[in-house]
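As recorded in TrEMBL:
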REPEAT    1-67  repeat 'MBT'
REPEAT    75-174  repeat 'MBT'
REPEAT    185-290  repeat 'MBT'
REPEAT    298-396  repeat 'MBT'
REGION    592-645  region 'Disordered'
COMPBIAS  626-636  compositional bias 'Polar residues'
DOMAIN    724-790  domain 'SAM'
Amino acid sequence: MRLEVPNKDEDDTYWVATVMMAAGQLLRLRFEGFQDNSTCDFWLDACASDLHPVGWCRSNEKKYSPPQVVKDKVEKWEDLLNELTESQSSSTHGATQKLSGTAPIDQIQTDTWLEVQNDHNPHTVWLAKVIQNVGGRLRLQHAGELATFWLFYLNCRLHPIGWAAELEYQLEPPPSVLKYLGSEEKCKEELTKAQSLADDNPFPSHIFEDLEQAAPHEFKEGWRLEAIHPVTHATLHPATVSKVIDDTYFMVQIDDLKETPSVQMCCHGNSPGLFPIHWSMYKGVKLVSPKGWSKSDFDWKEYLEAVKAEAAPESSFTNTFIPEHEFKRGMKLEVVDPIQPDAICAATITRVHDQLLWLHLDSANKMLSNYIVHVDSNDIFPIGWCDCNNYPLRPPKRSSYKKSSKKVAIVQPDKTPFCFIILFFSLSQGNICQQMNTEFNSKLYPGNGWCPKIYFNHRCFSGAYLSKGRIAALPRCVGPGPVVLVMKEVLTMLINVAYKSSRVLRELQLEGEADPSMHLQILKAKYKGKSYCAKVEICKTRSQIEEFCRQICITLECCPNLFSTHHYEGNCPSNCWQLTKTKYSAYFGKKKKKRVGRPPGGHTNLENGPQKPGKRRRGRPPNRPSIFNTQETSTQENKEDAESVVSMETGSSCSLTEKPADVASIDREFVPKRKYKRRLPTAPMEMKTRGVKLPRYSHNMKQNKAPLPASSHDHDLLQLNSNPLYWTTEEVVEFLENTDCSDLTSIFQDQEIDGQAFMLLSLPTIQEYLELKLGPSIKLCHHIEQVKIAFYEQWA
């Protein structure tokens, strides 16, 4: 392949060179006239060099001139030039465009034109010019306008020239262009100029071949849903499908009960940031009430009745797929500022939930200036992206130096200790404000560091970890006071009212890196004479309280309003009393599988460290009573769990203490035998002679012993139409849908359990591997037993 390359021996001249080797975007070239001599070969960067197809100099009136070595070697170099330009194919222009970069982002040149869809009217298109290309992030300018805007080159609004004509879309100027030019006639003139320039410098059309297109939808006008605010990208709001444009596009409007300008956005089937109602409640995300909503708390049921609207069904949301990613809280990245798209800032991931990331701009003044993005967003980049693309990065904001708090204690040694004595003494009584001076509080904990009252709503669902009776015995509220002290007292109370305090502490302990916006506090718990401690994150500012309380409730699988800044006298607005524990837990998702029981070396959260294994003297047999004590303790503990929690999750219904290894080695004679209940025969027996009748009477007693519960199915056999041994997963799911275990069908589909695996399931297996609670596990075992009995009766 031949190209026209600048001649360094003479300015503003070009000569033909042949591509000898291509290594990525680096090209090894040899000027024509050197024949097979490779001593004068040179390398050029295809992206940064001035390379053109053969014939470009003649069409642009540029001068040809070979290097001086070629002039000395070839006398008639003009004849050689004519041969090279005539033999060169005219199709090198497109090849040169693709050679300008190995990646699509390197092939996008400035001053090229493309078509851009209107962000509020997708059936209208206007031409735009590429002003700048920063790693695929394009700075564009509409024809006839001076203002610029940014879009990533994979945005579905960008299309090649001629795309609108193919779909019969109209070329109409955006409102900003029409306002700038003043009349439609000027807009048509600018469009004509832009079209002529676009014919000469079109945007590379092959880049759009793999572009993901907008997907169709099933939404209807008037449906209500939850949506991320399209301007701030920081909050979740109730929204309405205001208009259905076609099968692909529809308009969503943020609800506003006041007569203010509405905030709308154009969406399609795959648009991120749209969710069904109650999604925020089940995921622990705060939902901002619409402007004009008179009540302090927002309830979807009341809101739908007030506006007389219908909620969008969950089946209409096709964007619920959660892609695999490795984002974690505390990671750093570079992100586009949503308020100033020209700026790219250093940011920290403060929260990860499903496919959404909560980002904090490190350059922002406010600590909680977070905004929400999708994991596949084109506005987030890895660290070093700006450096690689020579674009300025807005650095993190440096915190101002503050004097040490020790100096304050030295200046006023008599006030500070007294203040904290009052705080610790009165936190549990909930009357700190009555014992402290208001002016002193405002100076010591200004503004955002003061916590309001935290109420315990004991009527709410208490979950699998907390005792409802013990919660009712707690004080009605805690606080007000400093945020850290109040929330520490609240968490301590929750640990104390748990069925097993060590288990709740384990759920609350910090896993992974600490959040810089949170306070790290060591909390303690006592259970069965042993002390445990763990590091727990506690919010530091007042604006974090509501979300922090909701997250703790979700972690403990209880109602999000069990403890909050609001007090509810009657029923909870979340209607948690209507849900069973199995259904309520399903809304919040399953927890990761944990190890059942305690490791042999002791609990890692023990206050004095892991428990060391004790030593035993040789030759001394173990005491017999220890066996019965161990079993009695385990039985009593399991009984307590069964009574207090009807359907606990796997791992929480099992005892934390494991059976010692020595028990397995003890002789069987020490193990108590199983006893069966016996009943006397219904008809009295005559005993006229002793030696003959006694054996018969003993035989009758054995025959009339209390039957096991499993034998009660003889009168109610299940009739099967096919052999369950050969059932597929779909047939197993179909069988369960007709039983009271229909809510477990999704688990069987995910685990791909067929008929053979279904009949092999047992109660311990179901609890350990399917992660079901005790109640649903027993129901499922009942149906498995029926299928197995029917299998033996009909097919075995």
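Using the three backbone atoms N, Cα and C, a Cβ is placed for every residue, glycine included.
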For the repeat 'MBT' (185-290), residues assigned helix / strand / coil by DSSP: 27 helix, 29 strand, 50 coil
DSSP-derived helix, strand and coil totals, residue by residue, for the domain 'SAM' (724-790): 51 helix, 0 strand, 16 coil
Structural state census, the repeat 'MBT' (1-67) (DSSP three-state): 4 helix, 30 strand, 33 coil
The repeat 'MBT' (75-174) - residue tally per DSSP class, helix then strand then coil: 28 helix, 31 strand, 41 coil
